[in-house]
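Participant: TrEMBL lists 1-24 with the feature signal peptide. What TrEMBL records for 16-192 is domain 'GH16'. For Glu101, the entry in TrEMBL reads active site, nucleophile. For Glu105, the entry in TrEMBL reads active site, proton donor. Here TrEMBL flags Asn109 as N-linked glycosylation site.
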Amino acid sequence: MGRTLNLTVLMTVLVLTMAGNVYSGNFNDEFDLTWGEHRGKIFSGGKMLSLSLDRVSGSGFKSKKEYLFGRIDMQLKLVAGNSAGAVTAYYLSSKGPTHDEIDFEFLGNETGKPYVLHTNVFAQGKGNREQQFYLWFDPTKNFHTYSLQLGVPFPKKQPMRIYSSLWNADDWATRGGLVKTDWSKAPFTAYYRGFNAAACTVSSGSSFCDPKFKSSLTNGESKVVANELNAYGRRRLRWVQKYFMIYDYCSDLKRFPRGFPPECKRSRV
């Protein structure tokens, strides 16, 4: 692909804010519940969606549309209380063995201990670009807006759908699997609202770009100019990297004894 996007660069386009009153699409129109039977629900006239996990199964959904690039907003309120072992995954992915994927997994924890945000990026089917951060706020008491703002056409050729799931991963998710899921607390539930996409979508081989974007034709390809983070946003992300990052593949000498991947040279905002 034409341009590599590493995890630290990706973190410059993940914006975390308290939820406000914003335009939101209808979940009935935008998403399909894909697994988990009754554990996934769309309610309040399509304005809310919930996923639940119990001892039998988790649940998940995916977008009806495929996205090339742009800004995608979703408001989430994660599993409250003792969420150890439970993982809420929110990601974009294309299809096939050479798929591209932008992956966010919120790893549950024991009551009173912080969630861990686990990130990864797959480009042409290859991942292994993990980073982890402690969340610096409580993602269970209020809705927060999680925004992916891709200012470059990544992936360039492979449109991606939005996916989310709530599932049990107590073999690794909390303290490396030492803390298991307390099923007496089930069902575990995560809530979604406020979906909004200002992006380019693909349907039947043709692309459509939201009017909020300026588009121009360059070298036969449609390129979109998206809003970038301002100076405050960049300072905020440097603060997160400094004080809340707990793992960075670009610093893992055991994994890369012969030298770090080339994108690690550009790994700071």
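Here, residue 1 is simply the first one shown, and the rest follow in order.
Every residue gets a Cβ built from N, Cα and C, even glycine.
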Participant: Cα distance, Asn109 (N-linked glycosylation site) to the residue listed as 'active site, nucleophile', nearest Å?
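Facilitator: Each residue's Cα considered, the residue listed as 'active site, nucleophile' and Asn109 (N-linked glycosylation site) end up 25 Å apart.
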Participant: Which whole number is the mean pLDDT over the domain 'GH16' (16-192)?
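Facilitator: Mean pLDDT across the domain 'GH16' (16-192) comes out at 90.
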